Amino acid sequence: MTDQALVELAFTMLEKSYVPYSRFPVGAALEGTDGTVYTGCNVENAAYGSTLCAERTALVKAVSEGCRSFTRLAVVGNSADYCWPCGACRQMLYEFAPDLEVLVARQDHTFVKYTLRQLLPQGFGPDSLA
């Protein structure tokens, strides 16, 4: 799958977002090292701390299905600006894939690519506990 195709798959998740409070839908597509893609959308809650971002939704789906290693993530929003993963998402992803490629898109479907290590320098991972 091309980078653009992964971004387009993430865009299909915007309509599934449950965002009655922020009205800011986000979609994600996370590719496992075996090529399987796990999608996610953000799911808000009246108890704001219980809200899940699209990236973590995709990650939890993947892990719950047995996938523990990943190559790429596409994150998209419905905004003219790029839709960056939040700090909590960066940290959760770092646990499994510190070298993950992260494609960050805006509503016109253009995107930029970074590694997770660039987005979370000096990240805290399992090796930090040794």
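Backbone N, Cα and C atoms are what each Cβ position is placed from, and that goes for glycine too.
Just so you know, TrEMBL annotations are computer predictions that nobody has curated.
Quick look at what TrEMBL lists:
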type     : residues                                        : note
ACT_SITE : Glu55                                           : active site, proton donor
BINDING  : Asn42, Val43, Glu44, Asn45, Ala46, Ala47, Tyr48 : substrate binding site
BINDING  : Cys53, Cys86, Cys89                             : Zn(2+) binding site
DOMAIN   : 1-127                                           : domain 'CMP/dCMP-type deaminase'
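Distribution of TrEMBL features across the structure.
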| residue | record | Cβ neighbours (10 Å) |
| --- | --- | --- |
| Val43 | substrate binding site | 16 |
| Glu44 | substrate binding site | 19 |
| Asn45 | substrate binding site | 12 |
| Ala46 | substrate binding site | 8 |
| Ala47 | substrate binding site | 7 |
| Tyr48 | substrate binding site | 9 |
| Cys53 | Zn(2+) binding site | 21 |
| Glu55 | active site, proton donor | 28 |
| Cys86 | Zn(2+) binding site | 13 |
| Cys89 | Zn(2+) binding site | 26 |
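A distance of 12 Å separates the Cα atom of Asn42 (substrate binding site) from that of Cys86 (Zn(2+) binding site). For the recorded site, Tyr48 (substrate binding site), the DSSP three-state label reads helix. Tyr48 (substrate binding site) sits 16 Å from Cys89 (Zn(2+) binding site), taking the Cα positions as reference. Spacing of Cys53 (Zn(2+) binding site) relative to Asn45 (substrate binding site) is 11 Å (Cα to Cα, whole number). Per Cα geometry, Cys89 is the residue among the binding-site residues Glu44, Asn45, Ala46, Cys89 nearest to the residue listed as 'active site, proton donor'. Within 8 Å of the Cβ centroid of the substrate site, not counting the listed residues Asn42, Val43, Glu44, Asn45, Ala46, Ala47, Tyr48, the chain contributes Tyr18, Tyr21, Ser50, Thr51, Leu52. In three-state terms derived from DSSP, the residue listed as 'active site, proton donor' belongs to a helical segment.
The CA atom of Val43 (substrate binding site) is located 14 Å away from the CA atom of Cys89 (Zn(2+) binding site).
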